[in-house]
Amino acid sequence: MQRHMLKSKIHRAAVTHCELHYEGSCAIDEDLLEAAGLIENERIDIWNINNGERFSTYAIKGERGSGMISLNGSAARRAQLGDLVIIAAFAMVDEAELQAGWKPKLVFIDEGNKIKGHRDHVPTQSWT
């Protein structure tokens, strides 16, 4: 059996560009792509923390070290500059890989879209 699992997440990225007339996609700083284990043309889901919008597109490379998160084409209508988004990708993982210790790559970034930390799990949520 295979399970559809969270593979990669870039948490609380600030949108730096919205390019309505650019070919559709989301340009992501290459440093962030690599840290999250994402590759060019990979399908990504984007969840806008500010307005609740959720949509899918694909990743393209943004200038390395720039902090770029550019929503292009119709995706540019889903956010405003400065909105915080979560960028995620999923993968089909078989039971053997899961039992062997497969983990997602979670990347946490600061206000300038620079990496401030990594994790390989989402902590258990509690009421405290």
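Cβ coordinates come from backbone N, Cα and C, glycine included.
Quick look at what Swiss-Prot annotates:
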ACT_SITE  SER25  active site, schiff-base intermediate with substrate
MOD_RES   SER25  pyruvic acid (Ser)
BINDING   THR57, GLY73, SER74, ALA75  substrate binding site
ACT_SITE  TYR58  active site, proton donor
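Excluding THR57, GLY73, SER74, ALA75 themselves, the residues of that chain whose CB lies within 8 A of the CB mean position for the substrate site are, in sequence, GLY24, SER25, CYS26, PHE55, LEU71, ASN72, ALA76, ARG77, ARG78. Reported as a whole number, the C-alpha separation between ALA75 (substrate binding site) and TYR58 (active site, proton donor) equals 10 Å.
Counting only same-chain residues at least 6 apart in sequence, those with a Cβ under 8 Å from the Cβ of GLY73 (substrate binding site) are GLU19, LEU20, HIS21, TYR22, GLU23, GLY24, SER25, THR57. Across the structure, SER74 (substrate binding site) and TYR58 (active site, proton donor) are spaced 12 Å apart at their Cα atoms. Neighbour counts of Cβ atoms within 10 Å were compared across the recorded positions SER25, THR57, SER74; the minimum falls on SER74. It is ALA75 that, of the recorded positions TYR58, ALA75, has its Cβ surrounded by the most other Cβ atoms within 10 Å. Whole-number maximum of the Cα to Cα distances across the substrate-binding residues THR57, GLY73, SER74, ALA75: 10 angstrom.
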